[in-house]
Amino acid sequence: MKYFFSLPFPKVHTTCKHTAAATASQPLQKIRERLESGPGFQEFVQNPSYNREDWSAYEGKLKREKGEQDRLRLPPWLKTKIPMGKNFSRIKDQLRELKLATVCEEAKCPNIGECWGGGEHGTQTATIMLMGDTCTRGCRFCSVKTARAPPPLDPDEPKKTASAIASWGLDYIVLTSVDRDDLPDGGSNHIAETIREIKRQNPRIFVECLAPDFRGNLDCIRTVATSGLDVYAHNIETVESLTPFVRDRRAEYRQSLKCLASVKEINPNMVTKTSIMLGLGETDEQVEQTMKDLRAVGVDCLTLGQYMQPTKRHLKVIEYVTPEKFKHWETRGNELGFLYTASGPLVRSSYKAGEFFITSILKNRAAAAAEEATATKPSE
């Protein structure tokens, strides 16, 4: 005998295809509405949810422990606006047309939007990088291209640079350069010629130059220091113990100190300037000693800023230093006797915020020199 079992049929829910489509589109529509009413990309970059005067509430991780491989997340105080605007585009187009390199782009400076766009000071500027965009050294923090034999110098660069600067109508300009160890004079004559041409086209402008160490060659340093330059800058970059690890092996801590000391020997009235990066693993005691070493060789102006890893192949950030700690170093710099100390996460050696203070120093010195010359002039 055959037995037949009756099995229950599964329940099937049916809906009209138009109803199903409408139901599926509801969550999508809600997402679209949230995107339209929510913050834009610019707001994510600027991260306005934090009070930029007080970062004490920030709870993110700021320091990598020994052995950790993961990169730290960028804290909110280091997030900047996306560069844009008419001024930014105009200055970029002009530099391209003249085939001039800038440290702003090559070093991926976070302040490019403010400097090229005008920022709070209203005057746009760029830091011209002389002698091309390729360096003979390979510092582990720097994103500038490197090669043993870079292209030859452009003989028209001094005039093109001076013309661009003259068109900007500035009263202060910062020049920098790559290292050119492949040249007998390290490029010192090329730099000096550029400074002279800038002064020829605009005698009233103040010129600051962030110069190489020229392997400690005193003649090269003298060539630049006696070119009509107003501010001679050379960066110490980091503390002594980290120098072999951070900088190219040809760049030595004591050699940099000697360069800065030599400038003062050549011209005691020359304003000298240098910069220190923080966040590479240095201790407070090492930073303090570096500042004392710099004062011992007569350095006038000091800037301290946060090291930021430009690409994955460069040194990782060990620590993101807080704005409060940077403020401490600014106070300490003033106590040690620097004429000017700029210290902050986004401060860079060529950042224009310090130009106004240095300009006043130079103008006051010029006025004092003129007054002294008048006082000592024999009466007829």
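Placed from the backbone N, Cα and C atoms, the Cβ positions cover glycine too.
Pulled from Swiss-Prot:
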BINDING   CYS104, CYS109, CYS115, SER350  [4Fe-4S] cluster 1 binding site
BINDING   CYS135, CYS139, CYS142  [4Fe-4S] cluster 2 binding site
DOMAIN    120-339  domain 'Radical SAM core'
PLDDT averaged over the residues of the domain 'Radical SAM core' (120-339): 94
Listed in sequence order, residues not in CYS135, CYS139, CYS142 with Cβ within 8 Å of the centre of the [4Fe-4S] cluster 2 site Cβ atoms: ARG137, GLY138, PHE141, SER143, VAL144, THR146, VAL178, ASP179, ASP248
Cβ neighbour count (within 10 Å, all chains shown) around CYS142 ([4Fe-4S] cluster 2 binding site): 22
